[in-house]
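Listed features, source TrEMBL:
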- 81-476: domain 'Major facilitator superfamily (MFS) profile' (DOMAIN)
- 82-106: transmembrane segment (TRANSMEM)
- 126-146: transmembrane segment (TRANSMEM)
- 153-170: transmembrane segment (TRANSMEM)
- 176-205: transmembrane segment (TRANSMEM)
- 212-230: transmembrane segment (TRANSMEM)
- 242-262: transmembrane segment (TRANSMEM)
- 296-319: transmembrane segment (TRANSMEM)
- 331-349: transmembrane segment (TRANSMEM)
- 361-381: transmembrane segment (TRANSMEM)
- 387-413: transmembrane segment (TRANSMEM)
- 425-448: transmembrane segment (TRANSMEM)
- 454-476: transmembrane segment (TRANSMEM)
Amino acid sequence: MSRMESIKEATYIVSEQGRTRPESIELDFIPELGTSSALGHSTIRKDQDFTEQAIEKAQNEDGDDVSILDDDLTFPDGGLEAYLVVLGALLSLIITFGLMNSIGGIQAYISNHQLSNIENQSSTGWIFSIYYFFAFGGVILTGPLFDYKGAKIPMISGSLLISIGLFATANCSQIYQFILAFGVTVGIGTSFLMSSALGAVAHWFGKKRGTALGVCSIGGSLGGVLWPLMLKELYPKIGYAWTMRVLAFLGTFCLGMACLLVKHRLIKPSNEVIKSPRQLFQNSFVLKQFITEKRFLYMGISIFLCEVSLLFVTTYLSSYTIHQGYSESDAFLVLITCNAVGILGRYFPNHIADHFGRINVMVITVGVCSLLIMVLLYPFGNNLKTIYAFSGLYGFFSSSTLSLTPVCCGQISKTKDFGKRYGTIYSLVSIGNLISLPVGGAIISSSGDGYKNLILLAGITEILALLAWLITRYYCVGMKVMCKV
């Protein structure tokens, strides 16, 4: 008899008349539940949300972990079709996450050239904060669109918007032009691709979902290496405009291939199909769940704080290097180092997370990021070797937090509702994205120690994110330490 078959317990359900009756239920790994009951006891906390059993009930004797929320579904977890979807998602993330990881190089260049007449860093910060706002905030609509319509419509729409936006960005010379072309157009296009590419991978993988998402998210780090290298080489040779056009042509090719390869498996049944944009908007939010489901709420807060800290560091790390008296070439190499090491960070922690728990690994990586900021960059960041060391280590661990985010969200979500719940979290994140970069720019411009103050703020934010992840873990499994979650 298996371990799951041997564990049974009686719970008492109160009838409408106030009487109780026993009902036999099977609890598949009850010792790891975050409840006040233990094996052999029938005491159950009245405020306990029994959906928390989702995390534990999926654990079998081998320790594999698939959310019970999808216990009525099966996943291929491999095969040619599934791996082609991963390849397509990787190609799309080379552009979407790759551009995000290259923002520091673009920001540093246009601040010193196209927008060199603007002294206030917070003004140029609005370009990229609006980009992040639409990229992440747009998921609140594009996520449910993927849930109801599948991958093709959002993939094609997003690809067209990004291509148009990048070609338009090549001709920009004023802040408002950069905001419209890059911030709005590329940002909205990115939101379409994020939800559909990541969501489609989740349709094909269950037990190996963390590893699969880690592999496709390597595209973000690949793009974060390729694009800064290309920008560094082409800016002085063919100028800004044609450099951006080359980026746009390459992006169009990658996204075209992604549109052919990425496809869904699971969509809402026909009787649930959204029939109007208004209905789509109304069905995009799961605000009630977000407020009442504690682990969902604190996971959203955790991701919000992680993203704010990450934006502070990655966006301004290149300009910080220049501020310390080093060359633009050094600034680009610092960014490239961060993204190159991030390739490893997007795979290995995800692979480990499939075996030891996604939230467990997330807690560790966020904790290490906070230490790197406060112990390495803040006190010793004026030395170029220290900046390179920080860039490599931070690139590894921060990349793992990015690639683990959708996996952790999927851990507490039904696959068919992944887009909606992922979008709800990132609607919160988008608010932080909108204000963080202008705030960071204002802090930098406020005094000679502006960069130092910004690093301190990034470190404090990362520590708060760590605390929020620990609270999230508590609401999943209580005070259990040695358990997979």
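Cβ atoms here come from the backbone N, Cα and C positions, even for glycine.
Cβ atoms under 8 Å from those of the transmembrane segment (212-230) belong to residues 82, 86-87, 89-102, 105, 197-198, 201-202, 204-205, 243, 246-247, 332, 335-336, 338-340, 342-343, 345-351, 395, 399, 402-403, 406-407 of the same chain, restricted to positions at least 6 beyond its ends. Most Cβ pairs under 8 A with the transmembrane segment (331-349) among the ranges 82-106, 296-319, 387-413 are made by 387-413. Between the transmembrane segment (454-476) and the stretches 82-106, 176-205, 242-262, 361-381, 387-413, the greatest number of Cβ pairs separated by less than 8 Å involves 361-381. The transmembrane segment (242-262) and the transmembrane segment (82-106) are in contact, since at least 3 Cβ pairs between them lie under 8 Å (pairs 6 or more apart in sequence).
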